[in-house]
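Peer 1: Take this structure first; my questions come after.
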Amino acid sequence: MGKIFFYEERNFQGRHYECGSDYSDLSSYFNRCNSIRVEGGNWILYEHPSYKGNQYYLWKGEYPDFQRWMGFNDSIRSCRFLPNYQGQYKMRIYERGDYQGQMMEFFDDCPNTYERFNFHDIHSCNVFDGHWMFYEEPNYRGRQYYLRPGEYRRYNDWGASSPRIGSFRRVYHRF
């Protein structure tokens with residue numbers, strides 16, 4: 001079972017809240033989030049309620065300030081516990097929206113999309129198996145986007161404001 005602790009101050013100080021499941025609105029439990037301790041499971045955190053805004057992928061460990069989870073500010077307002085997935089991973093990406101243009105199929109991580117297939121704009125994708133994270137920059141940096149099995153006809157379907165994806169990786173449990 002997963003468990004995550006949110007702290008209002010850096011270095012695990014101040015008011016805190018313990019969470020063990022999905023919450024669509026954490027606003028009533030704390031005003032800001034400057035440090036996090038994950039004691040179990042993998043989590044996706046969201047900047048705004050209802051799983052909106054910037055997304056952050058965290059696993060077991062300590063995050064003494066929001067820069068450690070690549071946060072842009074101290075706002076965490078919703079969270080999702082990621083289910084344990086043991087199967088295969090499969091995803092198709094497309095260089096244009098609505099599954100048009102060049103298509104590539106992936107079963108593993110890609111630290112640099114430009115080096116791998118000479119473009120870094122992904123306009124649509126289809127996740128068949130597994131859970132994946134897209135990153136705006138190479139080497140798993142920049143804004144993050146969580147994708148679970150399903151169809152993503154346009155980049156805004158996964159929460160992005162542009163099609164730029166510099167890297168992606170499979171979400172697997174890091175207990």
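From the backbone N, Cα and C atoms, a Cβ is placed for every residue, glycine too.
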Peer 1: Among 9-13, 24-28, 84-88, where does Swiss-Prot put the label region 'Connecting peptide'?
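Peer 2: It is 84-88 that Swiss-Prot describes as region 'Connecting peptide'.
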Peer 1: Any residues 6+ beyond the ends of the domain 'Beta/gamma crystallin 'Greek key' 1' (2-40) with a Cβ under 8 Å from its own?
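Peer 2: Long-range Cβ neighbours of the domain 'Beta/gamma crystallin 'Greek key' 1' (2-40): 49-51, 58-66, 69, 74-82, 175.
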Peer 1: What residues elsewhere in the chain lie close to the domain 'Beta/gamma crystallin 'Greek key' 2' (41-83), defined as a C-beta under 8 angstroms and at least 6 residues from its ends?
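Peer 2: Sequence-distant neighbours of the domain 'Beta/gamma crystallin 'Greek key' 2' (41-83): 1-4, 6, 10-12, 19-27, 32-35, 131, 133, 141-146, 159, 171, 173-175.
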Peer 1: Cβ under 8 Å to the domain 'Beta/gamma crystallin 'Greek key' 3' (89-129), counting only same-chain residues 6 or more beyond its ends: which ones?
Peer 2: 138-140, 147-155, 157-158, 163-170
